[in-house]
Structures are given as C-alpha cells and as structure tokens.
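Listed features, source TrEMBL:
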DOMAIN    7-146  domain 'Lactate/malate dehydrogenase N-terminal'
BINDING   Gly12, Ala13, Ala14, Gly15, Gln16, Ile17, Gly18, Asn106, Gln113, Val130, Gly131, Asn132  NAD(+) binding site
BINDING   Arg93, Arg99, Asn132, Arg163  substrate binding site
DOMAIN    157-323  domain 'Lactate/malate dehydrogenase C-terminal'
ACT_SITE  His188  active site, proton acceptor
Amino acid sequence: MPRTPVTVTVTGAAGQIGYALLFRIASGQLLGPDVPVRLRLLEITPALSAAEGTAMELDDSAFPLLAGIDITDSADVAFDGTNVALLVGARPRTKGMERGDLLEANGGIFKPQGKAINDHAADDVRVLVVGNPANTNALIAQAAAPDVPAERFTAMTRLDHNRALSQLAAKTGVSVAEIRRLTIWGNHSATQYPDVFHAEVAGKNAAEAIGDESWLADEFIPTVAKRGAAIIEARGASSAASAANAAIDHVHTWVNGTPAGDWTSMAIPSDGSYGVPEGLISSFPVTCADGSYTIVPDLEINEFSRTRIDASVRELTEERDAVRALGLI
Ligand SMILES: NC(=O)C1=CN([C@@H]2O[C@H](COP(=O)(O)OP(=O)(O)OC[C@H]3O[C@@H](n4cnc5c(N)ncnc54)[C@H](O)[C@@H]3O)[C@@H](O)[C@H]2O)C=CC1
Ligand SMILES: O=C([O-])CC(=O)C(=O)O
C-alpha cells in the first residue's frame, strides 16, 4: 500500500536557499527514496508569484514522490498538519540595522510562525530553523509553541559541521568519509566553536594527527566560523546550495539516525549539559536514532575548548536576554 505523504513546509520558499532545497526534498533526499512528500510553500505576499514559478518547475520535474504543492502567505495554512517545518525565510540584516533591530524584525516572523506550528502542526512535527540568527529565532518560535515538546525545535549548525569536515579533510589529506565525531558547539555565528579534540581522522585522534594547536586556533577555527562571510565576499550572496544541503542532512540524520560510531552537530534546547544553561538553543554533539536525538554524554572538555564554548554560550545568553527584553519570549 502506498505510504501517506509526509507534509513538509518550507518558509522563504522563493528565496535562494528555497530554490536549492525544494527539488531535493521532492526527489526524496530529505526523508528517503520511498517516502512521498506534500510540499507547503510559505512566502510573503509579494513573493507568491515567484513561489508559483518554482512550483511550476517542481511540476515540470515530474518527481514520482511529490504528492502535491500548496502555496500560501498564511502561516496557519502553511503549518496545517505539517510534519517537518523548515523555517528558512527571515529578515536579513540591512544597512544601519543593529543586532537588536534584527532580532526584533525576526521576532515578528518567528513568533507568529511558532504559534501557528503550536496550533496547527501534526503531533510529530519536527522544526529546523535556518533563517538567521538561527538559534535565537528557534528560541522565539519554540517559546511561542508551549504545546509542542521543546526538543522538536532545532536550529542549523550542520553547515558549520560540514565546513569543518571539509577543512579538516583538506588539512589531513583524507576523505571527509574518514572523519568522525567532529562537534560544533554554541551559536551559528562567528563565536561558534568547531571542536576536533574528540574527532577521529582515519581512526586516529584528530588533534594528535594535526599536532599543531596554533593551526587549530589561528586557521581552522576562524576559517570555519567566518566561512559564511567569506562566501558572501566571494559570491556576492550568502551560501545557498550548501545551506540547503546542510538542511537536508540535518533532517535526514534526525529522522534516519547517525551512523554507528559517529555523531553530528545540531542546535537544540539545552538540558543543562556541558554547562550550557537549560533552554538555550545551542549546538551540541548528538546521536540520532528512532527519530530522536541524544546529546553525547561525558566528553572531557579541555581548557582550550571550555573558553571557546563559554564565549559562544555567552553570546546566546545575551541574544536570549535581548529577545526577552523585547517581549518576544
Ligand atoms: N543556519 C545557516 O547555516 C544558514 C542560514 N542562512 C540564513 O537563511 C536565511 C535565508 O537565506 P536565503 O534563502 O539566501 O535568503 P533570501 O533572501 O534569498 O530568501 C529569503 C526568503 O524569505 C522570504 N520571507 C521573508 N519573510 C518571510 C516570512 N515572514 N514568511 C515567509 N517567507 C518570508 C523572502 O520573501 C525571501 O523569498 C537567511 O536568514 C540567511 O542568513 C543562510 C545560510 C546558512
Ligand atoms: O552568514 C550568513 O549570512 C549566511 C550564513 O549563515 C552562513 O553562510 O553560515
């Protein structure tokens, strides 16, 4: 018997990440090659026509797994019965805008979307926030959805994780497939901390294989943390296909599990582990199985790592305090 389609909502569907994401979802790469999907595209009213154009192209691709497409500018309609919600659309920072202005503008998007998820989504809804500032936008949406288990709200640090894999592979001359147990801690921002101290490169401890703490501090960490800005500088636009790819990876891993002996990075509501205040949406090393994630327990955190995790968590705390002061959570 054919499976019931899974409803996947994508916000900001007419944007550049949306364009790189939707075709991959429709082809089965998000949930699996045997899972039909129904797409719900949410856009602001002036972008509905562009979303219609993308939907025409999705039709023209004749994806066997695509069970239907709805396009709307209503969050209540977009999240009705949704199983997977990818919150990509966000207000970008524009000239003269302070961080507080950005948080306030995004609060106007993520608070109502969180409420619409609360009121209309399916019981098993899983939410990934991609739109920046992703961790704090996820916190705003989660706070507006008290009836949804908090752990269903996550933010994306998988792009940072993939960037770190790629940099480490290049440095050590191995394939990314031979690297395991990398971690991104903290915020999806320049304060994030890519941690190799528990990672393995072709079965050897990564930090020992590199043997050069100054490369870690002066090259690796800043390259990964500032990669988003470097792409903007080079491309004249922010990462799109790699961000879409990471969103696919994030949800696919969450639903289908991490490989044995490996873990991934997801920004999730903290349970207080590793000194991260409970409730902050911070990136952790996690394993996934049976559609749930678990923070990897009992890792030893050295002084080098502690300072950097604390700095990123401090930034998250400041962002949380700022949105609290604005009445957004
Ligand atoms: N977490 C991560 O690793 C990454 C996050 N990003 C962030 O993803 C976001 C999207 O990036 P792009 O697709 O390149 O931007 P974009 O500007 O091309 O597209 C954003 C789309 O969102 C739509 N939108 C705005 N407000 C909306 C609302 N209330 N409801 C529904 N749609 C709305 C806009 O009309 C636009 O079509 C940005 O915030 C960007 O900074 C980008 C790369 C990586
Ligand atoms: O920096 C940006 O605006 C886009 C982004 O989040 C990234 O590429 O990591």
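Please read every residue number as a count from 1 along the shown chain.
Placement of Cβ uses the backbone N, Cα and C atoms for every residue, glycine included.
Keep in mind that TrEMBL annotations are predicted by a computer and have not been checked by a curator.
This view paints the features noted in TrEMBL onto the structure.
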residue: Gly12; record: NAD(+) binding site; Cβ within 10 Å: 23
residue: Gln16; record: NAD(+) binding site; Cβ within 10 Å: 16
residue: Gly18; record: NAD(+) binding site; Cβ within 10 Å: 25
residue: Arg93; record: substrate binding site; Cβ within 10 Å: 15
residue: Arg99; record: substrate binding site; Cβ within 10 Å: 13
residue: Gln113; record: NAD(+) binding site; Cβ within 10 Å: 28
residue: Gly131; record: NAD(+) binding site; Cβ within 10 Å: 25
residue: Asn132; record: substrate binding site; Cβ within 10 Å: 20
residue: Arg163; record: substrate binding site; Cβ within 10 Å: 23
residue: His188; record: active site, proton acceptor; Cβ within 10 Å: 30
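Here the candidates are the binding-site residues Ala14, Gln16, Gly18, Gly131. The one whose C-alpha lies nearest to that of Arg99 (substrate binding site) is Gly131. Inclusion criterion for the binding-site residues Ala14, Gln16, Gly18, Arg93, Gln113, Asn132: a C-alpha placed within 10 angstroms of the C-alpha of His188 (active site, proton acceptor); this criterion is met by Asn132. For Gln113 (NAD(+) binding site), the nearest of the binding-site residues Arg93, Asn132, Arg163 in terms of C-alpha separation is Asn132. Mapped onto DSSP helix, strand and coil, the domain 'Lactate/malate dehydrogenase N-terminal' (7-146) counts 63 helix, 26 strand, 51 coil. Cβ neighbour count for Ala14 (NAD(+) binding site) (all protein chains, 10 Å cutoff from its Cβ): 24. When secondary structure is read from DSSP and collapsed to three states, Arg163 (substrate binding site) falls in the helix class.
Among the binding-site residues listed (Ala14, Arg93, Gln113, Asn132), Asn132 have a CB atom closer than 6 Å to some atom of ligand 2, in sequence order. The two recorded residues, Gly18 (NAD(+) binding site) and Asn132 (substrate binding site), show a Cα separation of 14 Å. Checked against ligand 1, the binding-site residues Arg93, Arg99, Gln113, Gly131, Arg163 give Gly131 in sequence order as having a Cβ less than 6 Å away from one of its atoms. A straight line from the CA of Ala14 (NAD(+) binding site) to the CA of Arg163 (substrate binding site) spans 25 Å. In the three-state DSSP scheme, the residue listed as 'active site, proton acceptor' is classed as coil.
Confidence in the domain 'Lactate/malate dehydrogenase N-terminal' (7-146), given as mean pLDDT, stands at 96.
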